[in-house]
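Per TrEMBL, the features are as follows:
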type     : residues : note
TRANSMEM : 12-34    : transmembrane segment
TRANSMEM : 330-349  : transmembrane segment
TRANSMEM : 356-376  : transmembrane segment
TRANSMEM : 382-406  : transmembrane segment
TRANSMEM : 427-447  : transmembrane segment
TRANSMEM : 459-481  : transmembrane segment
TRANSMEM : 521-542  : transmembrane segment
TRANSMEM : 843-860  : transmembrane segment
TRANSMEM : 872-894  : transmembrane segment
TRANSMEM : 900-922  : transmembrane segment
TRANSMEM : 943-962  : transmembrane segment
TRANSMEM : 974-1000 : transmembrane segment
Amino acid sequence: MKISNFSVDRPVTITMIILAVILIGTMGLVRLSLQQLPDIDVPFLVIYTIYSGASPEEVEESITRPIEENIATLSGLDTLSSTSYEGYSLLRLEMEYGTDVTEAKNDLRDLISRMSDSLPDDADDPQIMTYDLNSQPIIRLSISGENLVELKDIAKNKFKPSLEKIVGVASVDISGGLEREININVNQEQMLGYGLTLNDIASGIKLANSNLSVGSIDEGDKEISLRAEGKFKSVAEIKKITILSSTGEKIPLSEFADVEDTFAEQNDYNFLNGKQSLGLAIRKEGDSNTVDVARDVLAELDSLKKELPNVDVFVVRNNAENIENSVSNVGQNFILGGILAVIILFLFLRNIQSTIVIATAIPTSVIATFALMYFGKLTLNMMSLGGLALGVGMLLDNSIVVLENIYRHRLQGAGKIEAAKEGASEVATAIIASTLTTVAVFLPVVFIQDMLAQLFTPLSLTVAFSLLASLFVALTFVPMLSSKLLHVKEKHRVRENGDSKFGAVKGVYHSILSLTLKHRYLVVAVIFIGLVFFGLGVKIGLIPLKMEYMPSSDQGSINVYLDLPENTRVEKSVSVLKKAEAKLKNIPEIDVVNSSAEENNVEIDLELLDLNQRKRSVDQVAEEVRNRLKDLAGVKIYVAAQNSMMGSRGKGGGDIKINIHGADLQTLSNLSAIIMEQVKATPGTRNIAVSLEDSRAEIKIIPKRKIAKELGFTESGIASAVDDAVDGTTVSTYTEGGEEYDIVLKLEKKQVNTIDKLKELKITSTTGITVPLEQVAGIKKGIGYNTIERENQERVATVSAGIYNRALGDVQAEIERKINSLSIPSGYTITYSGDADDMKSSFGQLASAMILAIILVYMVMAAQFESLIHPFVVMFTVPLSLVGAVLGLTLTGISLSVQGFIGVIMLVGIVVNNAIVMIDYINARRQTEDRKEAILAAGQIRIRPIMMTTLTTVLAMVPMALGIGEGAEQQQPMAIVVIAGLLFSTMLTLIVIPVLYDIVDDIVNSIRNKVKKAIST
């Protein structure tokens, strides 16, 4: 029994099935988690190794290179990159997609354990971590108050533990503020005069600041422990302690050292709207839901505010708000699109019962989709909801075709039951085929490798789920409702005979189709020549098609980076920060200024007013920020608007990256400078950054190995002694009011603040010999690089740049031409990465996916028509749709991005549907009519459902195509491509497909007759 007949005969059964689907779908919707983007599993591993006191060159030589050499054979390793910093090494392992990261991590741990003996003894053990895209802070807070010292204690002891106990919170990082510290500043000459070393003093302080067990006594039947309470009760007590010399003499600490109750040297400053504050960055656990965690964090903050009324708490940025706003905006576009589709439906049908029947298909199909999403382990995010919003118009297509055919049978006099059965049965095969062609185009997207698959698979699955749900509704619910609700009055029957407004449209179309059938070869020739010239126009640039990797999105946040000369003190950075903030005053769109200053650099995060509260876009505001800051003397300025899809990507951005590979750092630096000038001279580039551009002045301490060894010194011992003397070492803690403060031991600053004084610094060997530093080490000024980068075991320098007011592909092509004309020394190579390279790779994969989609669509149609020729005729709609898509992007000024390319792939499955319905009906009519009569009759009968399905699909996407609202830019290219491609192809499909059908049928008949004749002879 046909499913549509069963539905009409068993209305209660179908109603119960639909209600069950609605119930399950509603439960699924409630349980679907809310995210901005789908879960993205990035196969990255990180190796972090601390080597305190070592320069980047030493870290590279002693840590980075040995590890690289030993892990290069790791199975599944795609790219190995590293950065050697002062004091630590960071290696990044990009694994091939599909690699089991847990297994790879275990294999990596084994490889490192085998070579750990070859690492320096004073280096920490390498730490292996899994890189997590979700590791970025989900909430940034700023807290301020009258006393920065108390504020730091409150942040450490109240905010941090209270927030970290929340389920889903991974960590709370604190920046800025003052931290109390007890400094013991030693005079070296006086210390040595008493025969003491820094190690002696450290041991004496630890001993004096300890509680010791001194035995026990018996008291009746009990044994009572004895403890000597030696913990410092006050800072004054510290000043009074004595240190035991090697001769056994007790020497008061005050004889050779000053005890100072002060603050730790402040290396970073935080400000909120110009007022010094503390920053708190709250990170979630990888598998936790951002919205849920943020909601719990805000609730806990409300409690803390009540408990701490003198502390001002300000939420600088809450990613959950962006997620909710973006997803809500997509949802609103979905609802508005559905309403527009229903309105256009009513204007065509002018029958309230028919409109109600089809309108019910939207919520029913959507709720069924939520059920499938839940069982498919999808989440509600911009991509999955974007799939629903893109497909809301298509949800009606099947129901429109079914209902329109049922309605036509009713107008021709059939009863409700008969019309419902016959009308649904006649088009069942066609709508199944058209649905399968649309679903089929998404299969290749699922098989794409890398992050694209994880990003767009939810969209593909959601569209596929919704279309399959709509097919089920069209073949069951719509016939059942039609058999109950679809009443036709006599005046409607009159309309069917031509007395209607749409009858005029049919008449015009009939005349045009008759004319084109008479001049069919001319029509096809004109179309073909037009396609060729259009393709050439795109190729040579007469039709300017811009390209980009991902659309930028107005997230209302701007990052400003100010790079100061190397060795700039933090106090100078604060001064520059204040000047920059003063220049940014009175920009009306800026709501919050959250800034920080460190040595050599300043970072300012500007949070703008909501989109509906400002007139300018984030890019326009960023341009004004850039212009206001450009005259800051001696400062390199980088200004970039945040992008919701890619996040903040640092100073140079990620649009274009030129990588120079080679061995010598100076040569790499020189080549970087040359290439940077070429990039600067390329129109459309900005925020140009070079990884090896800056070098820092440093004092190099080079051990005299032979002499040092004879005197009992090791290289690490010399480095440690200098570090303890200059920066100090924490030897104990002082407790007051339940809070612990570090006790730091070091030499007086005036004794180690020049090269000459460093040369005179006395250090003691393990054998007790004390000598000046210059006796066991050479000391000289030098220049060193801040970082040394490597890729696949080779040094690399990177020139990166952002783009503006020009297509990414055009800028990349011009830069490559310029670099190809340069003379690159032997042994040095140039490669490219960044968005431009990712775009090439992604477009290549998507092009392959589109070819596979075309093949799958052809195969589905061949099976449906049981013909190899008719699918070929239908496929001619694809190039027509591509013309429309390109025109749509060009006229709107939107670039072809990955999202736009996904729209192109969608078109392959969508645009063939109208042709399928038309050819299917032509074939049905030809059983009783000749070919031309069948073509003309099918055209007249199918023009209305074709126009209805096209316009409902198009209008449903209009809200998304307008790109209004937060996050809407991400889906806009897809909507524009589908709208323009569908409209253009539909207009020509109504003419070209019947004409092609007529020509191809003649050719097939001619070949068949010739074959028969040849066989007979």
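Yeah, the Cβs are placed from backbone N, Cα and C, and that goes for glycine too.
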Open item on the list: Short question: most Cβ pairs under 8 Å with the transmembrane segment (900-922), which of 12-34, 330-349, 382-406, 843-860?
Closed with: 843-860
TODO: Would you confirm whether the transmembrane segment (943-962) and the transmembrane segment (382-406) meet the contact rule of 3 or more C-beta pairs below 8 angstroms, pairs 6 or more apart in sequence?
DONE: yes
Task: Range from 12-34, 330-349, 382-406, 459-481, 843-860 with most C-beta pairs under 8 A to the transmembrane segment (974-1000) - done: 382-406
- [ ] Return yes if the transmembrane segment (330-349) and the transmembrane segment (459-481) have at least 3 CB pairs under 8 Å (sequence gap of 6 or more), otherwise no.
- [x] no
- [ ] Name the range, of those listed as 12-34, 356-376, 459-481, 843-860, that has the largest tally of Cβ pairs under 8 Å with the transmembrane segment (382-406).
- [x] 459-481
Task: Close approaches to the transmembrane segment (12-34) from elsewhere in its chain (Cβ under 8 angstroms; 6 or more beyond its ends) - done: 6, 289, 291-292, 323-324, 327, 364, 366-371, 373-375, 378-381, 473, 476-477, 480
Task: Cβ contacts under 8 Å made by the transmembrane segment (459-481) with residues that lie 6+ beyond its boundaries - done: 3-4, 6-8, 11, 14-15, 17-18, 357-358, 360-361, 364-366, 368-369, 372-373, 376, 378, 383-388, 390-391, 394-399, 401-403, 406, 420-421, 423-424, 428, 431-432, 435, 438-439, 442, 445-446, 902, 906
